[in-house]
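Undergrad: Straight from TrEMBL, here's the annotation block:
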SIGNAL    1-31  signal peptide
DOMAIN    43-142  domain 'Ig-like'
DOMAIN    159-240  domain 'Ig-like'
TRANSMEM  264-282  transmembrane segment
REGION    291-328  region 'Disordered'
COMPBIAS  291-309  compositional bias 'Basic and acidic residues'
């Protein structure tokens, strides 16, 4: 059928251009024969935003999943400064790859899948974005939905601080140094807080001369407390501020008076004295019992001797009479 002159003729060249636009807008999964996934929300950072932050370093991380995975797979990632992020998940299945639905989520928000590809029995998905502030930190998950949902999660967090795990024990009048350190990281700022309950109070070195805050390196901080008193005991928190968030660690301080070890010594001494007294009483009781036993034996011997003597006299009397009769 021929086009009408003056109407369809000028519009005809636009058809190939329109088809090209439709093909360019099609999802990569459709081009590879994969079904379209559920509707996605707008990604947190678009390609133009990534181009804007092209000078940032690229962090690439991946997770491998299989259809037989029983538990979700998680990977913890420490991030100190803004970076471009590439997350890759691969899913191995013996079933039909076309039946696997793939989505990306940040917490409960659905994100757009940047890239989807299949090689053999392995399905690859990729999500690229840029983290420039604390709101973009958190958990990013790739979810493969088939008969059973399989999930891989990337947890982004700022560096952890390291302090003293065990309580610091000191005595009244002494000085103590509390130390916090960040391994291979450099916070923008350090702050110390004290807590003797549920409320944290900033340590003010300007108003109180007993506190001194310093640090040999940028990745550590030290709080020196002089002339300790029992009121100084409690929890102390070191707080670090990074470009992408904040982190803190707590140290427990125990302040004892010198009477505490003295009380312990007196208690031990009392136990020793009591034990010695019990031993002496037992020995005295044993000795008395032995003496009574010896006295009883001696009494029996005396009675036996008396009995023997009386028996001897009785035996000698008839013999003496017999001798007198023989003499007459």
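Residue 1 is the first one shown; counting continues down the chain.
Cβ atoms here come from the backbone N, Cα and C positions, even for glycine.
Walk me through the surroundings of each of these features.
TA: Across the domain 'Ig-like' (43-142), the DSSP tally of helix, strand and coil residues reads 12 helix, 54 strand, 34 coil.
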Undergrad: Could you tell me the mean pLDDT the prediction assigns to the domain 'Ig-like' (159-240)?
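TA: That stretch averages a pLDDT of 90.
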